[in-house]
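J.: Below are the features listed in Swiss-Prot for this protein:
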type	residues	note
BINDING	Arg86, Gly124, Thr125, Arg126	phosphate binding site
Amino acid sequence: MRPSERAPDQLRAVTLETGVNRYAEGSCLIGFGHTKVLVTATVEENVPGWMRNKGAGWVTAEYGMLPRATHTRGRREAAAGKQTGRTQEIQRLIGRSLRAVVDLKALGERQITLDCDVVQADGGTRTAAITGAWVALRLATKYLLDEGVLKTDPILGQVAAVSCGVFNGVPVLDLDYEEDSNAEADSNFVLTGVGDIVEIQATGEKRGFTRAEFESLYGLAEKGINELFALQRAAIGG
């Protein structure tokens, strides 16, 4: 039995609220149960120096946790003067995941930055950030298309992510913090709308896990991500 009493293949309650920031070209507040992540998309009419004069744009991401996103207050990384390795790893993952479904040439020489701020953390913040960031990015590119800034849609498809793990010997979908901190194995899957793999992170925490268990986790991830794709489409109006 899972602590939340969910079935092994059941996502937490997922919510996607759009238009939560009046200034950003795209914004989304995504919830996976008690995990809440605010994502804003900012369009800038320039690209990093190493991308100049290449006729293509760039999509990048930043990730951070608000001080009281967890049970105890965490110091702001800005106050500490540097980002942790975890933060850098996660924001690179978010950027890679989004670029997998973007035609950078169609974007033109402009950059879209997805700022992912964890308001409340209860496991799965990186996967929630990726799933919500796609919604904010899609809204930002739709804005650019509607305004006539872009002539060709740069979005090639959807991307979403979910965690899976082995908890009490059973493969389960979408781990919350209690499950994640006690899992025998955990993983994160990032898949596109056509089923391509962008990234898989899988780790044996308390023991190694078998190929059969991995395939079970993969199957759970596909099921959960397909449900997330439907929620993404509903959030952007189809």
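Note: Cβ is positioned from N, Cα and C throughout, glycine not excepted.
Map these features onto the structure and tell me what's around them.
T.: Close to Arg126 (phosphate binding site) in the fold, though at least 6 residues off in sequence, lie Tyr63, Ile90, Leu93, Ile94, Ala161, Asn188, each with a CB less than 8 Å from its CB.
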J.: Let me make sure I understand the structure: which of the binding-site residues listed (Arg86, Gly124, Thr125) has the fewest other Cβ atoms within 10 A of its Cβ?
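T.: Among the binding-site residues Arg86, Gly124, Thr125, the lowest count of other Cβ atoms within 10 Å belongs to Arg86.
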J.: Could you tell me the maximum Cα-Cα distance in Å between the residues recorded as binding phosphate, namely Arg86, Gly124, Thr125, Arg126, rounded to a whole number?
T.: 13
